[in-house]
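Asks: Once you've had a glance at the structure underneath, I'll fire off some questions.
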Amino acid sequence: MALAHSLGFPRIGRDRELKKAQEAFWKGELNEAGLRDVGRELRKVHWDLQKNAGIDLLPVGDFAWYDQVLSHSLMFGVIPERFRPHDGKATLQTLFSMARGVSNTCCGEGHAQEMTKWFDTNYHYLVPEFSVDQHFHLGWEQLFEETEEARALGHNVKPVILGPLTYLWLGKTKGADFDKLDLLDRLLPLYGQIFARLAALGVEWVQIDEPILVLDLPQDWKNAFERAYNQIQRDPLKKLLATYFGGLEENLGLAANLPVDGLHIDLVRAPDQYPTILDRLPTYKVLSLGVVNGRNVWRCDLQNALATLRHAHERLGDRLWVAPSCSLLHSPVDLGREDQLDAELKSWLAFAVQKCEEVAVLAQAVSEPEAPQVLRALAQSRSVQTSRAASPRIHKPEVQTRVAAITARDAQRQSPFAQRIAKQRGKLDLPLFPTTTIGSFPQTAAIRLARQAYKQGKLSAADYTDAMHTEIRHAVEIQERLGLDVLVHGEAERNDMVEYFAEQLDGYVFTRFGWVQSYGSRCVKPAVIFGDLSRPQAMTVEWIRYAQGLTNKVMEGMLTGPVTMLMWSFAREDVSREVQARQLALAIRDDVNDLEAAGIKIVQIDEAAFREGLPLRRAQWPAYLEWASAAFRLCASGVRDETQIHTHMCYSEFNDVIESIAAMDADVITIETSRSDMELLEAFEAFAYPNDIGPGVYDIHSPRIPDVTEMVGLLRKAAERIPVERLWVNPDCGLKTRGWPETEAALVHMVSAARQLRKEWA
Ligand code: GLN
Ligand code: ZN
C-alpha cells in the first residue's frame with residue numbers, strides 16, 4: 001500500500017469565501033469571531049474534500065489568514081519593531097498590519113512588509129525582516145490550534161512547516177549589515193519546541209518544506225543544512241522533508257542524506273530525478289513522489305505516472321508515498337464548480353479536489369491494480385489522453401505550419417537600430433525629451449460599470465463602444481491639453497492586459513471559478529491555453545484607429561507581449577513554453593502589422609513578465625532568455641524601419657538580464673526607475689545599452705504628486721548616464737489604478753520638467 005498525502009490545499013475556498021471575509025473584516029463589517037468562523041469552516045470543508053477524495057494524510061498549517069510565510073513570522077516572533085504590540089502579544093490585528101501597513105497616529109505609523117514572488121509562481125509572500133539582534137520565540141498558537149481542531153474532527157494530519165533554512169533564505173536583513181545565516185542557531189531551538197508541542201497533540205509526522213534545495217545554493221547554506229538537520233534530528237516526530245518547483249540536482253545527495261525520515265521530490269518539474277534518487281536514498285526513508293502537477297489545471301496522465309510509481313513500489317514497498325508535486329495552493333479549488341465549460345474541455349481539466357482524487361487512485365493502483373475504481377480511472381485517463389492528442393480543437397495544422405516556417409529573418413528588423421531611429425526621427429518629428437505615458441489611464445467606476453453592464457447583456461455592443469469612445473476622447477483631450485508628445489488611447493476597453501487579448505484568441509478558454517490566490521485577499525483567474533493559438537481577427541486596430549482619428553499627434557498602438565501572455569496564463573503541458581510563446585508572437589505580430597497598415601507610427605508591446613519568466617536555476621537562464629527575446633522580436637519585426645516599436649517593463653532589476661533586454665531590440669524601452677533614484681540606469685550605462693530609454697520619473701504606485709524640481713532632478717541624473725537624444729520622459733508604469741485629478745496634476749509637472757530640460761540642452 002502506498003500512502004496518499006497532500007502537501008497543502010488552497011485556502012481561499014470554492015467561492016473565495018476567505019477573500020470576502022477578510023475584506024469584510026478590514027472594512028469593519030465582520031468582527032473577529034465572524035472571520036474566525038469562516039476560517040474554521042473553510043478548514044473543515046477542505047479537510048473533508050481531501051479526505052473524501054481519498055487522501056490518507058491531511059495537511060494542517062496550510063491555512064493562513066494572509067500568507068503562510070507571514071504566519072511563520074508570527075510563530076517565530078519575527079515582528080518588526082514598528083508593528084510590535086505593547087504587551088508583546090501578537091493578534092490578528094498585528095498580522096494584518098504587517099501585511100497591509102498601518103497609518104493611524106494613535107498606534108504609530110508602519111509601512112507594510114515587502115512582498116515578493118514565491119519562487120517562480122504568481123503567489124506573493126511577505127518578506128520576513130530580520131535585525132542583527134533578532135530574537136525568536138514562540139508567539140503564535142495557530143498551528144497548534146488548527147492541529148487540535150483537525151484531531152478533534154477525527155483527521156489523521158501532518159502539520160506543514162517551513163524549514164529553518166528556507167525561512168531564513170526568504171527573509172531580508174534590516175539595519176546593520178549581517179549574514180542572516182548567523183541567525184540559524186537562534187532559530188533552531190524553536191523547531192524543537194514546536195515539534196514537542198505537536199507530538200503532545202498526538203501527531204506522528206511533520207512536513208518540513210525546504211524548497212530552496214532546488215536552487216543554486218551557496219556552499220555555506222549547504223553546510224548549514226547538515227548542521228541544522230543534525231540538530232533537528234533529536235527533536236520528536238517523524239519528519240518528511242519536502243522539496244518542490246524543480247530538481248535537486250547537485251543538492252540531491254545532500255537532501256537524500258539529511259537525517260530525517262522521508263523526502264518528497266517534484267517529479268513533474270524534474271522527472272529526471274527518478275530513478276537516480278532510489279540509489280541515493282537511505283533504506284530507512286520514505287520517498288514521496290510528486291507526480292500530479294500542483295501548479296496547473298490539466299488532468300494527470302495516470303498511466304505515465306503509474307509506470308514510475310510501480311517501479312518505485314517494487315523497490316520501496318510501503319516506504320512509497322504519493323502526492324501532488326507541490327502544495328495545491330497554486331491550482332484552482334474545484335472543477336465541479338464549473339458549470340459552463342463544455343464537457344470535452346472539462347474532461348481534460350483537474351483542479352485541487354480532482355488532483356487529490358488522482359493522487360489517491362494512483363496510490364491505490366500501486367497495490368490494487370485490479371480494483372474497479374482503479375481500472376475505471378485508468379480507462380478514463382487513457383481516453384482523455386487520446387482525445388486530447390487527436391483533437392482538432394487543440395491541434396491546428398495552419399498554426400503549426402506557420403510556426404514551423406519561422407526563420408531567423410522573421411525575428412529581425414529590416415535595418416539596425418541606428419538606421420531605423422534616423423528614419424523614425426524624421427517621420428515622428430518629436431522634440432528632445434519626448435513625453436509619453438505607459439498606456440493605461442484611470443479605470444474609473446464608470447468604465448467598470450459599463451463593462452459589467454455590457455457583459456451582463458444590459459448594455460448593447462454599440463452602446464458599450466460609445467461609452468468607451470467617450471473615455472478615449474476624454475483621455476485624448478486631456479493629453480492634448482497637457483501637451484504630451486506621444487499619446488495613448490488609455491486602455492479603457494481593457495479589463496486586464498492579458499485577459500483582454502486571451503478573450504480574442506483561439507486556443508484560450510476561461511473558467512468561471514478557477515481562482516488562485518495571488519496575495520492576501522487578491523485572487524487571479526488566469527486564462528487557460530488549451531490549444532494552438534491563433535488570431536481570428538484584428539484585436540486592437542479599431543480602438544487605436546478611432547483614437548488616432550481624434551488627434552494630429554502620434555497615437556501609440558498598445559499590445560501585450562507573448563512572454564507576459566504566457567506567464568500569466570495556465571499553459572499547456574503537451575507543448576513547450578517556447579512553442580506557445582511563438583504562437584502568441586505570431587498572433588501579436590499580425591496586430592502590429594495591422595496597426596502599421598492603419599497608419600499607426602508607434603506600437604508598444606508590453607513585457608511586464610519578461611524577468612519573472614526566468615528559471616530558478618541559472619544554468620537554464622540562457623535558453624529561456626534566448627527564446628523569450630526571440631518571441632518579442634518576432635512580434636516586432638514585421639514592420640518597416642520607420643515604425644517605432646516600444647516595450648515596457650515595470651520592475652527594477654536589469655543587471656543580470658540587460659544583454660537579453662538589448663537583444664529584444666525595441667526602439668524604445670520604458671522602465672520603472674523613480675523609486676531607485678535612477679540608480680537602475682547604471683546597468684544600462686555599464687552595458688552601453690544602445691537604443692532609446694524612458695526611465696520612469698514618477699512612481700505611480702502612490703497618490704503622491706512629485707513636484708517639478710524632483711522630476712527635473714531625476715532627469716538630470718538620467719542625462720548623466722544616457723545620451724540625451726536617446727532619453728524619453730514618462731511615468732514608471734500605467735495609470736489605471738490612479739484617479740484623474742492626481743494623474744493630471746502629476747503629468748502637468750512631468751511635461752514642465754521635460755520642457756525645462758529641453759531649454760537646458762537647447
Ligand atoms: N500598458 C500597460 C498599462 O499601462 C502596462 C502595464 C504593465 O506593464 N503592468 O497599464
Ligand atoms: Zn509597468
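Glycine residues also receive a Cβ, built from the backbone N, Cα and C atoms like all the rest.
Predicted automatically and left uncurated, TrEMBL annotations should be read as such.
Here TrEMBL flags His701 as active site, proton donor. The feature 5-methyltetrahydropteroyltri-L-glutamate binding site is assigned by TrEMBL to Arg16, Glu17, Leu18, Lys19, Lys117, Arg522, Cys523, Trp568, Glu612. For Ile438, Gly439, Ser440, Glu491, Asp606, the entry in TrEMBL reads L-homocysteine binding site. Per TrEMBL, the feature L-methionine binding site maps to Ile438, Gly439, Ser440, Glu491, Asp606. Taken from TrEMBL, the feature Zn(2+) binding site covers His648, Cys650, Glu672, Cys733. Residues annotated as domain 'Cobalamin-independent methionine synthase MetE C-terminal/archaeal' in TrEMBL: 433-755.
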Asks: So the record assigns Ile438, Gly439, Ser440, Glu491, Asp606 to L-methionine. If I measure every Cα pair among those residues, what is the longest distance in angstrom, as a whole number?
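Replies: If we measure all Cα pairs in Ile438, Gly439, Ser440, Glu491, Asp606, the largest is 13 Å.
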Asks: Determine, to the nearest whole angstrom, how far the Cα atom of Cys523 (5-methyltetrahydropteroyltri-L-glutamate binding site) is from the Cα atom of His701 (active site, proton donor).
Replies: 19
Asks: Taking only the binding-site residues Ile438, Ser440, Glu491, Cys733, which one has a CA atom nearest to the CA atom of Glu612 (5-methyltetrahydropteroyltri-L-glutamate binding site)?
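Replies: Closest by Cα distance to Glu612 (5-methyltetrahydropteroyltri-L-glutamate binding site) among the binding-site residues Ile438, Ser440, Glu491, Cys733: Cys733.
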Asks: Pull out the recorded positions from the set Arg16, Leu18, Gly439, Ser440, Glu491, His701 whose C-alpha sits within 10 Å of the C-alpha of Cys650 (Zn(2+) binding site).
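Replies: Within 10 Å of Cys650 (Zn(2+) binding site): none of them.
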Asks: Counting only other Cβ atoms and using a 10 Å cut-off, which of the binding-site residues Glu491, Asp606, Glu612, Glu672 scores lowest?
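Replies: Selected from the binding-site residues Glu491, Asp606, Glu612, Glu672 on minimum Cβ neighbours within 10 Å: Glu612.
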Asks: Does anything in the same chain, at least 6 positions from Lys117 (5-methyltetrahydropteroyltri-L-glutamate binding site), have a Cβ under 8 Å from its Cβ, and if so what?
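Replies: Tyr123, His124, Tyr125, Glu612 - these are the non-local Cβ neighbours of Lys117 (5-methyltetrahydropteroyltri-L-glutamate binding site), listed in sequence order.
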Asks: Please classify the secondary structure at Glu612 (5-methyltetrahydropteroyltri-L-glutamate binding site) using three-state DSSP.
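Replies: In three-state terms, Glu612 (5-methyltetrahydropteroyltri-L-glutamate binding site) counts as helix.
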Asks: Per residue, counting other C-beta atoms within 10 angstroms of the C-beta, which of the recorded positions Arg16, His648, His701 reaches the highest number?
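Replies: Result of the Cβ crowding comparison: His648.
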Asks: Round to a whole number and give the Cα-to-Cα distance in Å for the pair Glu672 (Zn(2+) binding site) and Ile438 (L-homocysteine binding site).
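Replies: The separation of the Cα atoms works out to 10 Å.
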Asks: Could you tell me which three-state DSSP class Gly439 (L-homocysteine binding site) falls into?
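Replies: Assignment for Gly439 (L-homocysteine binding site) reads coil.
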Asks: Measuring Cα to Cα, how many Å separate Ile438 (L-homocysteine binding site) from Arg16 (5-methyltetrahydropteroyltri-L-glutamate binding site)?
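Replies: With the alpha carbons as reference points, the distance is 32 Å.
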Asks: Filter the recorded positions Leu18, Ser440, Asp606, His701 down to the ones within 10 angstroms of His648 (Zn(2+) binding site), Cα to Cα, kept in sequence order.
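Replies: Taking Leu18, Ser440, Asp606, His701 one by one, the ones whose Cα falls within 10 Å of His648 (Zn(2+) binding site) are Asp606.
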Asks: Quick one: mean pLDDT on the domain 'Cobalamin-independent methionine synthase MetE C-terminal/archaeal' (433-755)?
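Replies: That stretch averages a pLDDT of 96.
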